[in-house]
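Colleague: According to TrEMBL, the domain 'Major facilitator superfamily (MFS) profile' annotation covers 11-499. Sequence annotations record features per position, and here TrEMBL assigns transmembrane segment to 49-71, 83-102, 108-127, 134-157, 269-291, 298-321, 408-433, 445-465, 477-495. Residues or ranges marked as region 'Disordered' in TrEMBL: 343-393. Residues or ranges marked as compositional bias 'Low complexity' in TrEMBL: 380-393.
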Amino acid sequence: MGRPRPVLTLCASVSLLGGLTFGYELAVISGALLPLQLDFGLSCLEQELLVGSLLLGALLASLIGGFLIDCYGRKQAILGSNLVLLAGSLGLGLAGSLAWLVLGRSVVGFAISLSSMACCIYVSELVGPRQRGVLVSLYEAGITVGILLSYALNYALAGAPWGWRHMFGWATAPAVLQSLSLLFLPADADETAAHKDLIPLQGGEAPKLGLGRPRYSFLDLFRTRDNMRGRTTVGLGLVLFQQLTGQPNVLSYASTIFLSVGFHGGSSAVLASVGLGAVKVAATLIAMGLVDRAGRRALLLAGCALMALSVSGIGLVSFAVPMDSGPSCLAVPNATGQTSLPGDSHLLQGSSLPPMPRTSEDQREPILFTTKKTKPHPRSGAAPPQPALSSALPGPPLPAPGHALLRWTALLCLMVFVSAFSFGFGPVTWLVLSEIYPVEIRGRAFAFCNSFNWAANLLISLSFLDLIGTIGLSWTFLLYGLTAVLGLGFIYVFVPETKGQSLAEIDQQFQKRRFALSFGHRQNSTGIQYSPIEVSAAS
């Protein structure tokens, strides 16, 4: 037995709708940017400011959101973030100046970052061990669906009068539905224990309803007490390695690979975009089905190994086949200074973050296309560059017969890389973070690791061009492959298996420093007991 089916359904809707809102808000700017530029006459610097404002709000939420989550509770944090998102979306829909647009995007960034942390923690605490992996991973699936949904709506509303206002406004729909679902759910696991006839015992005993629980300060994250330092090592290691493997920048290179294998023109680009997006969704769904069977550790090891092989493959192929270094803002500036419409080649990656156009006074030899540097988002692992195709330039030359096979090999490696991230680091990192910390400090610890995730993502994306200029494109990808190998070793040594365990059992495992280091280790989930609780009529 486990949670009543209506409760599981509501938890699933909270997780899915939260991820859908997150993914939609990240990607919607890609379609809104061109009409905004036309309506407000935005320069490239102003467009960067508008797109980057979401990142600033999200960073702020990662710094203070943990204290809000632990102080006011997970459910209240989600409901509050949805109210903030509604206010930000209303401001964006009614905005009449750049300042209001930047403020609105900052508010929305704060809301979705706070909600993402609170959702994962809330769902992981509310459901039993056998459903936790699937329901928390459903958030990541919602992100990928939200990205594709935003692209579809962007394309449909591209020619509508004031279409960008409608694009921003539609983000409120899943947030409202999520809030309605939350109204029928308890505030936390303690409230569930007090009002349900059947509860899963945590580690063999009923929850103590807040009595006798230890108290933790933020500094305890770095101390040996209850092995908190070891937990922080695991959390920081996972979020840092998922960024240091270069996954945002590898996806930025997707447009080069698509063009190299013959995806020319708008319709082909859209098809490639949808295909890559479908790969991400399919891989996430596979992870949802395996996370409670194969386990978190197994998915992380398999995903990281495939990432190492595939990104190294791209690097080796680029040695043999000359390819333009894709996401360079230093190549040829966009002649029009405008971004593409939804459905154009900036959708190639099926990714989450909108384009961040830049200009350059550097005039170099003409190339076939240029892309602009972006700030990819850490959760979704995506960073669409913004190709600017020039009609004055000749079409791409036909590849040599020997090169054609290698280019298709590079495309296959890209697909493998996207899949590996989407069933490994993508969903599992946040699931593990929601499990390994004690409930009293879980919000602050999650937010602390999330702030490093954002910072590492920003560092990797900003250093990409300098790294290419210093060691070359091929060696850059091979360096990412080496980093993935190091990440594989980190996971093998430090990350325990947590599948089939209650949160109390996971806590005890860390306190005793007993790590399940065997790849095929199977946890005994039969120890999860259930006990009826008599509830008086007065309650």
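Using the three backbone atoms N, Cα and C, a Cβ is placed for every residue, glycine included.
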Colleague: Between the stretches 108-127, 298-321, 477-495, which one has more Cβ pairs under 8 Å with the transmembrane segment (83-102) than any other?
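Modeller: Answer, by Cβ pair count: 108-127.
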Colleague: Going through 49-71, 108-127, 134-157, 298-321, 445-465 one by one, which has the most CB pairs that fall under 8 Å from the transmembrane segment (408-433)?
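Modeller: The stretch with the most contacts is 298-321.
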Colleague: Just to confirm my parser: what is the rounded mean pLDDT across the domain 'Major facilitator superfamily (MFS) profile' (11-499)?
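Modeller: It averages 77.
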Colleague: Could you tell me what the rest of the chain brings near the transmembrane segment (134-157), counting residues at least six beyond its ends with Cβ under 8 Å?
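Modeller: Contacts with the transmembrane segment (134-157): 8, 11-12, 15-28, 30-32, 116, 119-120, 123-124, 127, 163-164, 166-167, 170, 174, 273-274, 277, 280-281, 284-285, 287-289, 291-292, 341-343, 347, 350-352, 379-380, 382, 422, 426-428, 430-431, 434.
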